[in-house]
């Protein structure tokens, strides 16, 4: 689970660096060109200092302190990063310099660039807090989803979907405000450094991302080893906190992907020599509609891939139970290798069609329909992809923690829904099963869709501008 975040952060960081450095105007001062790298360097130092607060300054003595400690990491790193960026912006940047703004020169002051980074940084923290509120079983949204399990799996699913849709509201406003502020101050370069600001606490993000799968695997090992209920109870608490941290880091990744993709979109428009992107133009509008559809198509592919692999896995497990004597009694070993092979084969083969969709769409649209239609496709996929990704990740995380809320029985309300094996718990398990491909596959992978399409379109922009639009030229 941590690898998808690392890949997402790495891609976003590289894309933001390219988009920002390529935006500089006629002066080409060295320090402003290195400013994106300076931001990343400060982030590394800040995250190293932040680690000390978790390991040396604050000791966790109770289960209820786990999630606050992880949230404190985000707060501390954001505050320290704001101070650090303000300091380097003051000493490293000239008081004023120029950048490209769609072919024109725009003068930017150092304090404006600092605000661009800061607004992205704090927008990321807001997204993280909202994600925690909607996915942690310490708050009412997840508890409401758990309570809906009283009347069966259907109401659990309905409440979970509603939670995911509602969780998009504040993050989208946060992203919108950061885009408006950063573009007003420094055009597309401002959006690129705002994305870097959101990514600047990457080390802390990766740390809390690794926390989730480590605690999850520890719980699995404890269960397989037949350890005491007391140990399993602790690993379940760690796992529940890990689900929340996983949702938080996915929120960061999705938010930064939106900003990076917009910066790359601006670079594509400039490189393709598009003067305006007019939605009322038929070429652009049809591209917008198709682009908004692509995340749904992509998600359908990935969801079905998970379902197909799960179906094969269940059939194999049933076959082993029916054909291996003593397996049900625990006296014989199951065929682990076959199950692992099913999973690994599916992870590679089933990803070919979604990957082809992402790679071929810009080429087909650019060659046959031209850069105007492709600009609409990129804009549409960005608008719908971000919101689907947020809702999918948060819905899956909420369903998972609703199940764990019932299993833990840490409050009178939770005890009234349990114990394990009760009808509400069975309903919550159904929701958790539906949510796993949403939060672990479709949601995170949409980041790749919107960024990779933007990068590929940017690379081929001159070719599309010169030789593209064959269908419109013919007809």
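Start at 1 and count along the chain as shown; that gives each residue its number.
Cβ from N, Cα, C; glycine included.
Among the ranges 187-211, 212-236, the one that TrEMBL lists as transmembrane segment is 187-211. Here TrEMBL gives transmembrane segment for one range in the set 156-181, 312-337: that range is 156-181. Contact between the transmembrane segment (187-211) and the transmembrane segment (351-371) does not hold: fewer than three of their C-beta pairs are under 8 Å, each pair 6 or more apart in sequence. Listed stretches 33-54, 112-135, 156-181, 280-298 were compared with the transmembrane segment (448-472); the greatest number of C-beta pairs under 8 angstroms is found for 280-298. Tertiary neighbourhood of the transmembrane segment (351-371): same-chain residues 272, 274, 283, 287, 290, 294, 297-298, 301-302, 305, 377-378, 445, 448-449, 452-453, 456-457, 460-461, 463-465, 467-472, selected by CB-CB distance under 8 Å and a gap of 6+ residues from either end. If one looks beyond the transmembrane segment (156-181) by at least 6 residues along the same chain, the residues whose Cβ comes under 8 Å of a Cβ in the stretch are 115-116, 119-120, 123, 126-127, 130-131, 134, 141-142, 144-145, 148-149, 190-191, 194, 198, 251, 254-255, 258-259, 262, 386-387, 390-392, 394-395, 398-399, 402, 427-428, 430-431, 434-435, 438.
With a threshold of 8 Å between CB atoms, the same-chain residues lying at least 6 positions outside the transmembrane segment (33-54) that come near it are 13, 16-17, 20-21, 24, 69, 72-73, 76-77, 80-81, 84-85, 88-89, 92-93, 113, 117, 192-193, 196-197, 199-204, 207. By the Cβ criterion (distance under 8 Å, sequence gap of 6 or more), the transmembrane segment (252-274) is not counted as touching the transmembrane segment (280-298), fewer than 3 such pairs being found.
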